[in-house]
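Scroll down for the structure; my scribbles are underneath it.
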Amino acid sequence: MSAYSPLSAQLDADTDVDVESTRTEGRRKMEWTLQHMPILQELRARFAETKPLAGETIGMAMHVEAKTANLVELLALGGAEVAITGCNPLSTHDDVSAALDSNENVTSYAKRGVDEEAYYDAIEAVVAHEPTITIDDGMDMVYAIHEDHPDLLDTIIGGAEETTTGVHRLRAMDEDDELQYPVFAVNDTPMKRLFDNVHGTGESALATIAMTTNLSYAGKNVVVAGYGYCGKGVAQKAAGQNANVIVTEVEPRRALEAHMEGYEVMPMNEAATRGDVFVTTTGNRDVITQEDFEVMSDGAILANAGHFDVEINLEELSELAIDTYEARDGVQAYELGDGRRLNVLAEGRLVNLAAPIALGHPAEVMDQSFGIQAVCVRELIENKSSYDAGVHNVPDELDREVAEIKLKAEGVDIDSLTQTQSEYLDSWSHGT
């Protein structure tokens, strides 16, 4: 077992922390969010009765906050032993992590504000539990296992990946024939991407930026880099708050989609001359670079809503700056030689989870994403022989199962196909 200590042990060693009150506060947050997560409530009842995960060890690298914690405890209730750490150095809520670590079937190593060495030490600590299932947000754990612990690959049943960036990495790994066990691309299934990516990212990113800066969007030029599902959500929600939205893209069909939906579309260097607020959502690096910083207006706000901190090139911005200082909690101002100040939120990390006041996506949205995670883990265990190594789409019946639970919880009834309609859809002989 790793020498890196679970969070409870780390807090016990800190004489300035009241561990019990910290756990109590974390538990309070978890209970509040669970009230607004009917899918997880229903799955808790099912998993508690059938114990579909009995005997399994689940290793997780996720954003450790209240909503994630409810997924963790659902998995533990289903019979699994769970070890978890963060997937971003700034997204952990220590009180929630402490509450999780007090669960006898859960070990949490997640701690906010760790340096790079401690971040990877915590991942190693989770891997030391020898997981049979992995759940990742960004693919750092899958990478660590393949790179440093190939001896574990034969005993891992499979995994699930939460986010766009992680799925991109996994598909690249799969194309190189390096991925050695099956992983569900949770990000790509409709119950995740149509809600979490669009509404979750759009609402939480903009809400966090507004609360961090105490500024309005009305009348401002908001530049959205990338028009995938996340970028589309940011653009829609910004327009709904009376911002003038400009979209930048490298993919012609997405650019055309943004244009046909009424947004201005232009290259980043042109948008940089007009933007007041910049939000990157691409999952790629060097989206905003020196040539863009050089033409931005004084006071521009720069935020990243992609997984890693590489979309805004902070090395180049630092080289341009003659001074840096904390303008507000979570806002780093870079003063340039001509007196302009460019303001970067949350160190260029995932703003809706890494900013000091960030709470992540709304509970109702994450309820759907984490419901998919839970049924994917169950599917891997119950039908492990059906999945070869590689990236797999979430089976449609699992996506529908979660949708049906949500509709029932919302009190929404829908029609069902008649036998005649089903036969018609399955037939190829009916023409004009």
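Any Cβ shown, glycine's included, is placed from N, Cα and C.
Remember, predicted model here, so these are calculated numbers, not experimental data.
Database features, via Swiss-Prot:
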BINDING   Asp137, Glu162, Lys192, Asp196  substrate binding site
BINDING   163-165, Asn197, 226-231, Glu249, Asn284, 305-307, Asn352  NAD(+) binding site
REGION    1-24  region 'Disordered'
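Everything Swiss-Prot records as a feature, shown here on the structure.
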residue : record                 : DSSP class
Asp137  : substrate binding site : coil
Glu162  : substrate binding site : coil
Lys192  : substrate binding site : helix
Gly226  : NAD(+) binding site    : coil
Glu249  : NAD(+) binding site    : coil
Ala305  : NAD(+) binding site    : coil
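Of Asp137, Glu162, Lys192, Asp196, all annotated as binding-site residues, the residue with the shortest Cα distance to His307 (NAD(+) binding site) is Asp137. For the binding-site residues Thr163, Thr165, the largest tally of other C-beta atoms within 10 A is found at Thr163.
Only Asp137, of the binding-site residues Asp137, Lys192, Asp196, have a C-alpha within 10 angstroms of the C-alpha of Thr165 (NAD(+) binding site). Within 8 Å of the centroid of the Cβ atoms of Asp137, Glu162, Lys192, Asp196, where the record puts substrate, the same chain has further Cβ atoms from Glu161, Thr163, Val186, Asn187, Asn197, Ser369, Gln373. In this structure, the CA atom of Lys192 (substrate binding site) is 14 Å away from the CA atom of Gly228 (NAD(+) binding site). If you draw a 10 Å sphere around the CB of Gly228 (NAD(+) binding site), it holds 19 other CB atoms from the protein chains shown.
Fewest Cβ neighbours within 10 Å among the binding-site residues Asp137, Asp196, Glu249: this applies to Glu249.
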